[in-house]
Amino acid sequence: MNLKLWISLAVGSLSTAAIAQDSNELVIDGETLVTETAAPAHLEDFDTIYSGWRFRSRETQALETDDFDNPAFVFVDQGLDLWEEVDGSAGKACASCHEDVEDFAGLRTQLPRVQDGELVAMEDLVNGCRTERMGAEPWKWSGGNMTAMTALIGLQSRGMPVGVKIDGEAAPFWEKGKELYYTRVGQLDMACSNCHENNYGVMIRADHLSQGQINGFPTYRLKNAKLNSIHARFKGCMKNIRAEPFKEGGDEFKALELYLASRGQGLSVETPSVRN
């Protein structure tokens with residue numbers, strides 16, 4: 001069955017408003033995170049944006065409200081070990097140059113960003129330090145070590161609002177990401193917008209489509225019991241619509257990451273979040 005027809009048949013009696021506009025509050029360690037706010041000015045098709053947390057079951061939501069119960073923190077602990085681990089020809093660890101990981105508070109909110117004329121994501125920054133300062137091998141973009149480290153660094157910004165730059169040097173990258181978001185691809189002839197803009201809140205399989213916000217990545221998915229990077233999720237979506245995925249860490253996915261981050265301006269960073 002064509003996926004677009006499948007989505008339309010799956011709506012049932014549960015409306016978008018019933019899913020997204022609930023009274024849930026995400027409170028972690030006594031801090032209330034923003035999961036609903038006015039849409040940024042550049043979005044034309046809806047007035048309010050919602051975190052993916054708002055579309056999950058009560059049981060899944062609860063896992064994120066307590067760091068002790070959040071399964072992602074097993075990997076955050078691994079990130080802490082990697083932070084102190086000496087690796088590479090320079091005989092250095094992350095901690096050799098960066099005394100405290102808490103110094104990275106706010107970094108997650110600004111990424112991706114333009115640096116020396118190139119659009120860079122957090123994974124680029126991590127591998128840049130490894131290869132240029134530590135003399136170590138780069139980590140795989142969505143590998144276990146990388147997602148553990150990006151979760152640890154991203155955690156330092158939890159509760160802060162997403163605020164990427166989309167003007168100036170960033171503008172052409174943002175425009176490219178926007179074009180990708182609305183371009184239909186694959187055998188099912190679908191774009192990101194078909195699910196996450198036109199049909200969010202709709203039940204598909206055993207889950208509800210969200211607005212596709214990325215403020216909680218890397219995220220622990222119950223589906224595969226591990227941390228998942230933003231680009232791995234992009235890759236999975238493209239495979240679902242029978243399209244040939246772009247390369248993780250490639251220009252296309254980084255541009256798309258910037259555009260999606262801009263769609264979540266004002267939502268709190270939730271890293272590491274829990275999703276289905």
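Backbone N, Cα and C define each Cβ position, glycine as well.
Quick look at what TrEMBL lists:
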type	residues	note
SIGNAL	1-20	signal peptide
DOMAIN	78-162	domain 'Cytochrome c'
BINDING	Cys94, Cys97, His98, Cys129	heme c 1 binding site
DOMAIN	176-269	domain 'Cytochrome c'
BINDING	Cys192, Cys195, His196, Cys237	heme c 2 binding site
BINDING	Arg233	substrate binding site
ACT_SITE	Cys237	active site, cysteine persulfide intermediate
Worksheet item: At the level of the C-alpha atoms, what whole-angstrom distance separates Cys129 (heme c 1 binding site) and Arg233 (substrate binding site)?
Response: 25
Discussion item. Are there any residues at least 6 positions away along the chain from Cys237 (heme c 2 binding site) with a Cβ closer than 8 Å to its Cβ? List them or say none.
Written reply: Cys192, Cys195
Practice prompt. Drop a 10 Å sphere on every Cβ of the binding-site residues His98, Arg233 and tell me which sphere holds the fewest other Cβ atoms.
Written response: His98
Discussion item. For a three-state summary based on DSSP, what are the helix, strand and coil counts in the domain 'Cytochrome c' (78-162)?
Written reply: 43 helix, 9 strand, 33 coil
Discussion item. If I take the alpha carbons of Cys94 (heme c 1 binding site) and the residue listed as 'substrate binding site', what is the distance between them in whole Å?
Written reply: 27
Discussion item. Taking only the residues the record lists as binding heme c 1, namely Cys94, Cys97, His98, Cys129, what is the largest Cα to Cα distance between any two of them, in Å to the nearest whole number?
Written reply: 11
Practice prompt. List the Cα distance (Å, whole number) between the residue listed as 'substrate binding site' and Cys97 (heme c 1 binding site).
Written response: 31
Item to complete: Could you check the binding-site residues Cys94, Cys97, Cys129, Cys192 and say which one's CB has the fewest neighbouring CB atoms inside 10 Å?
Response: Cys97
Practice prompt. Looking at heme c 2 and its recorded binding residues Cys192, Cys195, His196, Cys237, figure out the farthest C-alpha pair and report it in angstrom, whole number.
Written response: 11
Discussion item. For a quick check of packing: other C-beta atoms within 10 Å of the C-beta of His196 (heme c 2 binding site), how many?
Written reply: 19
Fill in: Cys195 (heme c 2 binding site), number of other Cβ atoms within 10 Å
22
Worksheet item: Whole-number Å distance between the CA of His98 (heme c 1 binding site) and the CA of His196 (heme c 2 binding site)?
Response: 38
Worksheet entry | Mean of the pLDDT scores, which run from 0 to 100, over the domain 'Cytochrome c' (176-269) | 96
Item to complete: Please list, for the domain 'Cytochrome c' (176-269), how many residues fall into helix, strand and coil according to DSSP.
Response: 36 helix, 13 strand, 45 coil
